[in-house]
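The next block holds one structure in the form of structure tokens; read it before the comments.
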Amino acid sequence: MSGSSRRPRLFRRHSSREIMNNLASVSSSFLPAFGTIVDETHHLHLKKFVIAPYDRRYRWWQTFLVVLVIYSAWASPFELAFKKVSMGPLLPLDLIVDAFFAIDIILTFFVSYLDKTTYLLVVDHKKIAMRYVTKMLFPMDVASTLPFQLIHRVVTGKVHSGEAFRFLSLLRLWRLRRVSQLFKRLEKDTRFSYFITRCCKLICATLFSVHSAGCFYFWLATRHKNPENTWIGSQVPDFEQRTIKLGYTYSIYWAVVTLTTVGYGDLHAVNPSEKAFTLFYMLFNIGLTAYVIGNMTNLIVHNAIRTFAVRDSINEILRYGSKNRLPEGLKDQMLAHLQLKSKTVELQQEEVIANLPKAIRSSISQHLFYPTIEKTYILRGVSQDFIAQMVSEIKAEYFPPKLLSRLGSSDMAGEIAVLLNIPQPFTLRTRKLSQVIRISHDHFKQLVKPNSQDGNILLSNFIQYLKSLKQEIVQEIPCLPELLSDLATITEATDLNEDPQNQESVDGNTRVIEEDVGGNCCPWCNVRVIIHGNSPNQNTTKGKLVYLPPTIEDLYRLAENKFGKRPNMIVIGDDSEVEELNALRDNDHLYLIF
């Protein structure tokens, strides 16, 4: 970063949009493994005639096959029920679909896979082939692709449309696993709505169940020895000679009525085989209905769960206020805070940001808050590195409107309490809904301690600000004169402001320069001690809380300034003389021996 640049560069010049697009389009269960080399054009360096499983072209091929799977899922039960179409108009279409899946079987011998032990892509042709052949995938893919009727016709020269071949066509339902894998990928793809994807999955499962049950129920009627003693034969005489459209309509009607538990009774099981199947189908419907209702409930409740939580919290606050008889104004403030928190939770998204690495969180803070932070009066003249560190630690909050005084963009509040390590002497209210960025006291002190020069600049800016406050503001802060007096005492004790060589002019303001001593004049960096104007054996008088100066001599000078005379010795509670200031800790009691 050049010296003239005021703001750190947060992003690279290129590839950010491409990265986001790639992340949004992760619709495959495979990702490049560590050790896989990808060039700038996002192409993998693989062996010749090897296909990456997450290659975009291969994924489009898999999506195209899913469309063919949908046809197979409809045609297989349909051809079982209506044998007229198995050797009729659907046969050429079946052969074309089987040809595409045969091509996919061949392609699978060239698709690399991820080794579960090394998590690297295996590109060896022999290993790829052995893995595919030795698993159940290969024989099932072959069995679901072979055109058994055509093979029988070629071998024997005869056309055979028996039930055996129609049952073999049900092997094509093995391809449904591709649909399940597609929905899993779509659910992870941020370009598609999760709610819509799940609804489509439930609808597809329901339609397939209804279609399969209706076709199988019609097949039971066609194979019965007495057609009139069947569920459809009792209503439609000679139903086998009727059109396919009529038989399919009756079948789907029965399946839907049974699935929805309406049960009009116009179509009912007649013979034992139909009753057994109806029993099985109704038991299956119980599970399917529970699955559909459970998923829909989860999807709906997920969108409304935040509203439920807010309503419960409001009721809890109302009960708490009534039980403890809180004033109406206080209860209104509690409710206003809760409603504001619920409205701004999507804007703050603290939970989302908290799960990100610190480097990314820091970049987000730099982008959002850096322009505002660098304009504050207290940071005027400090280093850009200090501002960048400070921005990384701040957080945003929202406050409801309640006006007390007026502050604008880049103005500050609460710095008196932080810089002087005391309770904040006054509060602020907002006129309208305001976003406030804050930093905790501890984080601020941790930032200032290793940056003593920036700390001196901060203190100088702060003192100049206190001196420039208007009279009406001073009246609102009763402790301000005492605070200014303490600051003057600390500055005098360090004796930094007495030597003109230790000062320089910056933008018309006087800035204190740190002296080469063992400490600094930054009050929030020093230890606070309590000094008493008597020995430990005497009755303890009311002590005075001061910041520990850098040297023993400065401590004696500070004690003389506070009590009017210079002590001969400074001891602690066990009458031990204080010789090293490094041995003192925060809130230690020091006693003056005159």
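From the backbone N, Cα and C atoms, a Cβ is placed for every residue, glycine too.
Under the heading domain 'Cyclic nucleotide-binding', TrEMBL lists 401-465.
Positions annotated as domain 'KHA' by TrEMBL: 528-594.
As annotated by TrEMBL, transmembrane segment applies to 59-78 (among others).
Residues or ranges marked as transmembrane segment in TrEMBL: 90-114 (among others).
Annotated transmembrane segment per TrEMBL: 195-220 (among others), in sequence order.
According to TrEMBL, the transmembrane segment annotation covers 248-267 (among others).
Below 8 angstroms of C-beta separation, residues 195, 198-199, 202, 205-206, 209, 213, 217, 255, 258-259, 261, 308 of the same chain, each at least six residues beyond the ends of the transmembrane segment (279-301), sit close to that stretch. For 279-301 (among others), the entry in TrEMBL reads transmembrane segment.
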PLDDT averaged over the residues of the domain 'KHA' (528-594): 79
Contact call for the transmembrane segment (195-220) and the transmembrane segment (90-114): at least 3 Cβ pairs under 8 Å, seq gap 6+: no
Other parts of the chain folded back onto the transmembrane segment (59-78), taken as Cβ under 8 Å at six or more residues beyond its ends: 27-28, 85, 90, 93-94, 97, 100-101, 104, 107, 169-170, 172-173, 175-176, 178-179, 182, 208, 211-212, 215-216, 248
